[in-house]
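Right, one structure below, let's go through it.
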Amino acid sequence: EEGIPYTVKVKTGDKSDAGTSAHAHIRLVGRKGRQTRLVPLELMQKRRFERGKVETFSLQEPDIGDLDAVEIEHDGETEADSWFLEDVTVEMPTKGRAFYFPCHAWLSKERGDGRTKRTLKVQDSNISTFRPLIPYEATIYTGDVENAGCDCDVSLKLFGTTGSSSEHVIPKDEGLFERGAINPFKFELDDVGKPIKLRVKIIPQHKKGRHKWYLENIELVRHTQHNERQESYFFGLNDWISRETDFCQDLALTKGGKALLKQTTYRVTTKTSDMGGAGSDSDMSIVIFGQFGDSGELKLDDSSTHRNKFERNN
C-alpha cells in the first residue's frame, strides 16, 4: 500500500536540559485498530531535538483513518539522553485533518517515571480541520523554438470553482525548463474544486541570465488520497513568458485544443479627484476579482479619453 502523506510536528518542552540527541521513533494508531510501522524521526539538518523547538517530519504511510493515539519512544540510555516532550501534532494534508497529542512529560530512564516510551491519546477537543491538499502530477513542456529555455524558478497557482491555491514554486535546476524539455513534478495544491485556469510565473534569480521562457503547455493529473490517477487537465499557451508579460501568463483549461475559459473585454473608467496634487505620472494597474478567481495584474496603459492620464479632475 503506497499510503498517504502525514505531517508530524514534535515539540520539545522549554525546560532545562529538555533536548536530546537520542534516536526517536513514532507509530500512528487509528481509531479502528489499524496502525503504521514504527517510523524513525530523522533530523535532517541538526543532531538533536532542541529545547523549546518544534521539529517537523513528512511521512508516507498507509491511510489508517482518524487517529486515536501515537506511540513515541527513543533509544537513549543515559541521563544526558533525557527528553522532555511537550506535545505531538499530526496533520493529514490530503484530508484536511489535524490531531493533537499532549505529553508534558520526560522520556528518560533517569528522570520522571523512568520510561522512554509513551502512548499519547488524542485530545478530541483539539481535532481540527483545514482545507485539504490534493496530490497532483504536473508535466511541463518547454517549446522547441530558439532560445526557449530560461534561468528562472517557476511558480504555479491553480484557480478553480471554489477558490485558488497558494503558489507552488519549482526551483530552477539543471535540465529544467530548457528547449524541448519535458519535465515531470509531483506536489500538492489546495483543493480548488474543478480547475479553471493555471497562473504561471517565472522568477529570475540573477540579474544576468535568460529571463524569458517559451512555454508550450502543462498537463496536471489529479490523484486520489491513495495516489491513484483520477483526472487529467491540459493548460495550453504556446507563447513567451517574459518581461513584456510581467513574467506571468494565465493558461486557460483546454479541451480538444480549445480554451474552455472565454476571453472578454472590460472597459475601465477612472476618476481623479479635483484637489491639489491629485494627479500622478506613475504607471497604474488593476486586478479584477470574480467568481472564478482574479484577472491578474492588468496595466492601464492606453486611455481612449485623455492623452495624459490620471491628471487632476480627469
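Quick reminder: no glycine exception, Cβ is built from N, Cα and C everywhere.
Confidence annotation: the domain 'PLAT' (4-121) carries a mean pLDDT of 95 in the model. Among the features that TrEMBL reports, domain 'PLAT' is placed at 4-121 (among others).
Taken from TrEMBL, the feature domain 'PLAT' applies to 134-255 (among others).
The feature domain 'PLAT' is assigned by TrEMBL to 264-314 (among others).
Taken from TrEMBL, the feature region 'Disordered' covers 1-21. Same-chain residues lying 6 or more positions outside the region 'Disordered' (1-21) and placing a CB less than 8 Å from one of its CB atoms are 28, 41, 47-63, 72, 74, 76, 81-95, 104, 107, 133, 135, 188, 225-227.
Helix, strand and coil content of the domain 'PLAT' (134-255), in residues and according to DSSP, is 3 helix, 74 strand, 45 coil.
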